[in-house]
Amino acid sequence: MSKKPVMLMILDGFGISPNKEGNAVAAANKPNYDRLFNKYPHTELQASGLEVGLPEGQMGNSEVGHLNIGAGRIIYQELTRITKEIKEGTFFTNKALVKAMDEAKENNTSLHLMGLLSNGGVHSHIDHLKGLLELAKKKGLQKVYVHAFMDGRDVAPSSGKEFIVELENAMKEIGVGEIATISGRYYAMDRDNRWERVELAYNAMVLGEGEKASSAVEAIEKSYHDNKTDEFVLPTVIEEDGHPVSRIKDGDSVIFFNFRPDRAREITRAIVDPEFKGFERKQLHVNFVCMTQYDKTLECVDVAYRPENYTNTLGEYVASKGLNQLRIAETEKYAHVTFFFNGGVEQPNTNEDRALIASPKVATYDLKPEMSAYEVTDELIKRLDEDKYDMIILNFANPDMVGHTGVQEAAVKAIEAVDECLGKVADKVLEKEGTLFITADHGNAEVMIDYSTGKPMTAHTSDPVPFLWISKDAEGKSLKDGGKLADIAPTMLTVMGLEVPSEMTGTCLLNK
């Protein structure tokens, strides 16, 4: 007998904006999406700020989006949690942070603070770095060095100089800290095992090798002069009198202040993992603190903020009812439909199958805007024909990953490719008498230019996202307005005929 699958399709980075200028979502020719939008119930969901557990006005991101969708409740993000603790003062008694600083003081070694220097709030926040500098000052440390990873992706592409100036002013005011290296996140925060990139960032921080400059401002200005925006700043060692200001040495304490794990793992492993094979390097012995748990298997680090456990996430609850589920995405978003969707748990649920389709190996995705969407679709259709799954979670990475390049024509092509795939998937789900929900985790591709400067915009947005309910049963019905990402899971469970568990505080969006 054919199963009637309930499927959630997440169009990563596909937001809704009334402004047509620089809007790749509006500019794209998307007959399938438009046809479904006009025929079936739809509404808009909030995917940013307080509605997803972020500070007010903070744009959403993929990790936060998938956590909220999978949990069926608002998940207070690490950003909000850490910022709140700094304000309330508990940050300054955090065991792991205090221990790292005490050890540096007792052993008369250096403290290194490494991480993404911006207020983007996706991977890190400059205010958390300032909090660490204040704690170092309170502890009476003098040898405190910052290894700044330049952003230009979650914030404007050439805003790095302003953040360097802001950091230098803060260090002056607090009375501690010097910038030792700067590296574009393209090198320091790779997540695709491109070790030749990571090695350059590592060499700057640990060996004092790489580009040279006499100040961080000089380094970033040179990068701009060479037409390299923040993300692509070559790892640069800041020198005083011809010697590196500092480098990470045995016995030093290191605090990595990024709170998002996926782009923090590789450089962390390069520094601390005794089994590391990415490139040739000598084993360092440092006191290393990760702001959050980057990877359970990293045993040689301390963690400042351990993960909170969420019970009865959508996947866990569906598994507890003896149902089969599938998660499918290409490499770039695979962690999002598995680890993040399951509330930060690596282990698959019982009867949870996973399909990983390799992302194309290109330098930037504007060179291949269709990415692996067609391959993902082919695999999904094959799986649907097996009639095995009660619930399917699918992510199309294109609008987000191509949106991040800032190239509007490519983003338009990305959305057109996804539309083609979306049409095939919708037809197949309807043929199986199933239900398809279409949504996004946050906005991106609907704003491809910075309206204030006219330059390309590479960051996420705070725009709402669509939510479509596609099924034979949905025709002529309607969805509630004013929803948020956390309302998706209760809605899906209702359609599946399951009771919504009490832990899910989201609301079902079906109008009775």
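Using the three backbone atoms N, Cα and C, a Cβ is placed for every residue, glycine included.
Computed from a predicted structure; not experimentally measured.
Swiss-Prot annotates His123, Arg153, Asp154, Arg191, Arg260, Pro261, Asp262, Arg263, Lys333 as substrate-binding residues; of Arg185, Arg247, Arg327, the candidate listed for that same site is Arg185. Per Swiss-Prot, the Mn(2+) 2 site holds Ser62, Asp441, His442; the candidate it also names there, chosen from Asp12, Asp385, Asp387, Asp390, is Asp12. A sphere of 10 angstroms centred on the C-beta of His442 (Mn(2+) 2 binding site) encloses 28 other C-beta atoms.
When the binding-site residues Asp154, Arg263, His442 are screened for a Cα within 10 A of the Cα of His460 (Mn(2+) 1 binding site), the ones that qualify are Asp154, His442. In sequence order, Ile10, Gly13, Ala47, Gly60, Asn61, Gly65, His66, Lys333, His336, Asp400, Ala440, Asn444, His460 are the same-chain residues whose CB sits within 8 A of the CB centroid of Asp12, Ser62, Asp441, His442, the residues recorded for Mn(2+) 2 being left out.
Neighbour counts were taken as the number of other C-beta atoms within 10 angstroms of each residue's C-beta; across the binding-site residues Arg191, His404, His460, the minimum falls on Arg191.
DSSP gives Asp154 (substrate binding site) a coil state; it is part of no helix or strand.
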